[in-house]
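K.L.:
Just dropping this structure here.
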Amino acid sequence: MEDIQPTVELKSTEEQPLPTESPDALNDYSLPKPHEIENVDSREAPANEDEDAGEDSMKVKDEYSDRDENIMKPEPMGDAEESEMPYSYAREYSDYESIKLERHVPYDNSRPTGGKMNCDVCGLSCISFNVLMVHKRSHTGERPFQCNQCGASFTQKGNLLRHIKLHTGEKPFKCHLCNYACQRRDALTGHLRTHSVEKPYKCEFCGRSYKQRSSLEEHKERCRAFLQNPDLGDAASVEARHIKAEMGSERALVLDRLASNVAKRKSSMPQKFIGEKRHCFDANYNPGYMYEKENEMMQTRMMDQAINNAISYLGAEALRPLVQTPPAPTSEMVPVISSVYPIALTRADMPNGAPQEMEKKRILLPEKILPSERGLSPNNSAQDSTDTDSNHEDRQHLYQQSHVVLPQARNGMPLLKEVPRSFELLKPPPICLRDSIKVINKEGEVMDVFRCDHCHVLFLDYVMFTIHMGCHGFRDPFECNMCGYRSHDRYEFSSHIARGEHRAMLK
């Protein structure tokens, strides 16, 4: 056994340099030291002599050699591959640099250095890719979100969800101060301003404030139209603004000056009628009546209330001296009243010469003629309507129950001495028409009826009635109030309004 131990040591030292034959292993493993090589050479002779000493030495040799080969041979190859991976990044990026997804190509090309993306059609800058895609649908016409009930299509899902509420009738946003309910949050926000005293929207032309932005925009359109009027100079506009600030009645002044420029009014700006009261004038209204500037100021809250207060305050005695001045134009007071309160025109019917026919049924004509009243206002007698005869039959039935008897001159104007001071001006139009026309709904209730005496059209809605009356001209009922087109009769006027050919005739 003593001889076997050196043999085992010799064989183990001989087997160690075997893996060094591989060139890869030379790079990773160091060579044996010089003194170890000398020891091996000195022991080769006794080892060769004792090769046949025993089989145990061969078993030990095979066991150690197999284990060393399994450990040392795979490791240099694996280490060589793994050592090359950290230095192959440039090659990997060069391979992936040419690969781009199709959906990201427009994203990369349209994204500028500032962080926003530009539309390749119109150049609009968008803050995100989703906003850009929604914007591009306006160019392509794509509407992917469609309503399954009516077929309406939308570019965004939020618009579709808002549209669906129209079918369901859902109104989730409710006012905590009243019974108002709406489908959109911004509509509720605008409604809440009506309950507050704050008026955040102010006009830079005249200084008037409004609660709603839409009211301010409508007012600014009227102010711009007045400032751009070529008939008035800059000095007149500045003076008008000073008067406006001093008297606090810019609304009446703007309407007064707009009346002289009716033909230049835009078709997209219908007249706005203020007030909830429904009045009808039983007495004739003569457009020749003129008011002085001191008596012309009205309250800014309710225009209809201001008109009633002015007439009741002045009375017939104050109006008499003004009747004897027919040459004065009617561009000041009459258009203001007719533009804000059109029912006065419908009940009086002064432009088409109908007051003479109407008053014959309820006023006895005297034999004597006053010389001072021979002159008639040109606006009251010069323009005759083509359907005056038809109005005669209708009004005979409407006013045959009236028993008021007043003396009247030949020109159709009643004598102001006989006119009572308290005018009966507060009769609503439905009461005036119920004696002749009755409209009954399905519940059997009598509905309110509003009649246009110029067109012979009945309206069940007061708002539609006021809009229709705003289409009639101030001086001539068959003159379009939006473009100035003059019709020969009510049929041509109705056709003109139905076609809506106003923009081509604007000056």
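Glycine too: its Cβ is placed from the backbone N, Cα and C atoms.
Grabbed the feature section from Swiss-Prot, which reads as follows:
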type: COMPBIAS; residues: 33-46; note: compositional bias 'Basic and acidic residues'
type: COMPBIAS; residues: 56-72; note: compositional bias 'Basic and acidic residues'
type: CROSSLNK; residues: K61; note: SUMO2 cross-link
type: CROSSLNK; residues: K73; note: SUMO2 cross-link
type: CROSSLNK; residues: K100; note: SUMO2 cross-link
type: CROSSLNK; residues: K244; note: SUMO2 cross-link
type: MOD_RES; residues: T20; note: phosphothreonine
type: MOD_RES; residues: S22; note: phosphoserine
type: MOD_RES; residues: S42; note: phosphoserine
type: MOD_RES; residues: T325; note: phosphothreonine
type: MOD_RES; residues: S377; note: phosphoserine
type: REGION; residues: 1-85; note: region 'Disordered'
type: REGION; residues: 370-396; note: region 'Disordered'
type: REGION; residues: 450-502; note: region 'Mediates homodimerization and heterodimerization'
type: ZN_FING; residues: 117-139; note: zinc finger
type: ZN_FING; residues: 145-167; note: zinc finger
type: ZN_FING; residues: 173-195; note: zinc finger
type: ZN_FING; residues: 201-223; note: zinc finger
type: ZN_FING; residues: 450-472; note: zinc finger
type: ZN_FING; residues: 478-502; note: zinc finger
K.L.:
Tally of helix, strand and coil residues over the zinc finger (117-139) according to DSSP?
P.N.:
11 helix, 4 strand, 8 coil
K.L.:
Using DSSP, tally how many residues of the zinc finger (145-167) sit in helix, strand and coil.
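P.N.:
The composition, in the requested order, is 11 helix, 4 strand, 8 coil.
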K.L.:
Just give the helix, strand and coil counts over the zinc finger (450-472), going by DSSP.
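P.N.:
In the zinc finger (450-472), the DSSP-based counts are 10 helix, 7 strand, 6 coil.
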K.L.:
For the zinc finger (478-502), jot down how many residues DSSP puts in helix, in strand and in coil.
P.N.:
10 helix, 3 strand, 12 coil
K.L.:
Averaged over the zinc finger (145-167), what pLDDT does the predicted model reach?
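P.N.:
The answer is 88, the mean pLDDT of the model over that range.
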